[in-house]
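Engineer: My questions will all concern the structure given below.
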Ligand SMILES: O=C(COP(=O)(O)O)N(O)CCCCO
Ligand code: NA
Ligand SMILES: [Zn+2]
């Protein structure tokens, strides 16, 4: 069933498990996410960035909503990294049930102001809101934040931000970053900071940049002709520790991008005569489903629906 982000995340924080929030850009990705969640009796969030909305629009949003409404587990449709009040309103009009307003690149007061506007509008329509305080390293779609400007979330500031905005859940900067290159080897996660913030707050916390970039998928990507550098993602153990201390929503996009591309490349390489889209995108859907299944097990949301 299609529900709000709060319906899924408030129980997750209380139950000390994480809920995967997976980005989608087409039907097969959406099916892999929701069907795998149903198979494992797991709540799940499907998110679309502004780029995905530009790419698939209401067509894609309707596919997500239709599959979500018929699903036998709770599913929310979430706007990822909404960049403005207008973008948030448009997504609400499109039927999104959870909205992120990401004004984290602005100074604190402006972030509060922008976030509070979206909270008031979304709450008027029974929609829950994610906001962000602190900056991730890496590339946030419309923002390039290089390492020296990246700063992690201050716990006391997070308390003030939550009080002043009424945000329902908060994305915090704790060492993760977007993309396939999260640092040399095992990315540094500031667990003390997560635990401090969790001890001062009661709302669900969000970890962006939580793809694991599994070595096996990276190897298959190279073996099937893909080119990728020294890729690294967040370790399963780090995710499990974090979800035990307040992290309830865990954003994953890169792992699905890699998995889908591996699926397509492996078919095209093994069967050069193949040109039936179902024989090309079907296996890609299966590789994504395997990656999603692993993530749901790591997050501990299996059997929670
Ligand atoms: O936090 C994430 C995803 O992080 P990751 O790149 O680790 O999958 N997102 O918000 C998805 C959009 C960013 C571009 O991928
Ligand atoms: Na988000
Ligand atoms: Zn993100």
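Just so it is clear, glycine is given a Cβ too, placed from its N, Cα and C backbone atoms.
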Engineer: Looking at the dihydroxyacetone phosphate binding annotation from TrEMBL, with 209, 210, 211, 251, 252, 253, 254 already listed, which candidate in 166, 179, 300 is the matching residue?
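Structural biologist: Looking through 166, 179, 300, the residue TrEMBL assigns to the dihydroxyacetone phosphate site is 179.
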Engineer: Out of 78, 81, 294, which does TrEMBL tie to the same Zn(2+) 1 site as 178, 208?
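Structural biologist: The record-listed residue among the candidates is 81.
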Engineer: From 102, 132, 251, 253, 254, which binding-site residues have a C-beta atom under 6 Å away from some atom of ligand 1?
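Structural biologist: Checked binding-site residues vs ligand 1; flagged 251, 253, 254.
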Engineer: Go through the recorded positions 80, 102, 210, 211, 253 and pull out the ones with a Cβ less than 6 angstroms from some atom of ligand 2.
Structural biologist: 80
Engineer: Taking a cut-off of under 6 Å between Cβ and any atom of ligand 3, tell me which of the binding-site residues 102, 179, 211, 251, 252, 253 pass.
Structural biologist: 251
Engineer: Binding-site residues 102, 252, 254: which have a Cα within 10 Å of residue 208 (Zn(2+) 1 binding site)?
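Structural biologist: Passing the 10 Å Cα cut: 252.
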Engineer: Spatially speaking, which of the binding-site residues 81, 178, 209 is closest to residue 132 (Zn(2+) 2 binding site)? Use C-alpha to C-alpha, please.
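Structural biologist: Going through 81, 178, 209 one by one, the Cα closest to that of residue 132 (Zn(2+) 2 binding site) is 81.
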